[in-house]
């Protein structure tokens, strides 16, 4: 760990001025810089252009070396807009890769790709920094034990459990509850696992980033009174930024998460929204650097770039990084190289359904479309596996019968099918759950449901012990005891009305 060479401070300027170059060409966000013979910077070194533009405005642009061109020239990609840069301007080689602040000082704050705070809450302690380019942990450091990462969310833990140190794809359109689900996971990991979260906003809308920040402050995930008690650090490289920033912002977020895992020995949740934008930015940079495009116009290094990022997300003997990545599927084509490359790395998928959201069932996780490699008897145990399979079979049968019900009505079904439908409707409602972060909007207190409680609840519904209870008793409750208590209250209310 060392001082970030790109941040200004006492004693840094003398270090910076050791190796100077000059801009010889500018094409959009790409700069060609010439250096004296024998003083070429290394690949991935950070270069800083400082000076004034034609109207006297100060310029401070950081770039990253991508190619050594020969003739003492390097090609670098800018991390911010290149407006005002001119040929002949002085370029400082910092002699090291981009480094960003890490540790407790990052919690509750918003950073850009360079690790500079952008929330106007004052400077951040930069005594502890870490370079954004690091190799993945060695095999000997990895924790190979397969273990479930309990989220306290019934539908996730039962039907598509997350792996500790795994990677989860989050699929869902606008307005189906993705943000609320993300905030609930951040809240639950802090309370149940004593962990922290890092949110990487990669190439998404600035408005969404701002909304997320405001909602986090409202729900207490970011503590405004005591910022150090916040549970999340935010790193944004949004749509309006140059491709260099969007390509590297994921690595900045990952570097912050790695420190919490390796040094603080914590369980960390890393959110990347959206992993497709990371690939898209890489494609833009690749074209600007003059590389021959591959299939569908993507960069030839697509698999390598994705692998470099994903392999750093893992469990070690110190702690774990569990990553949840929102995946945009262009034109709903799952065979597109970007989502297809992402799928190769995922351990589980959580699919959010607009149909369930329309019914008011939140979290709107589709129980039949969501999958997990962890749902195997040898990992989750025989009982969990059997109940998960029976829940899926019941819901699948209900789905098959829906056309018949719509045309002929429930009365035309056999006794067995009617029972299946009744249980499926109870299961569907019991998969909903009140969230802690939604208390502000709904007024009902949030519930964390342990895995054992979840299994017991669905076991009771499937066994038929609760067939006599009304289905609305299962809607938006925590464990099964709350459902039976709610049923008694409903019965008392109906008796009073009589």
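Each residue, glycine too, has its Cβ placed from N, Cα and C.
What Swiss-Prot lists as ATP binding site is 172, 173, 174, 175, 176, 177, 178, 179, and the listing cites sequence analysis.
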Intrachain C-beta neighbours of residue 175 (ATP binding site), sequence separation six or more, cut-off 8 angstroms: 357
For the ATP site built from 172, 173, 174, 175, 176, 177, 178, 179, further residues of that chain with CB within 8 A of the site's CB center: 352, 357, 364
Protein Cβ atoms within 10 Å of residue 173 (ATP binding site), excluding its own: 11
All-chain count of other Cβ atoms within 10 Å of residue 179 (ATP binding site): 17
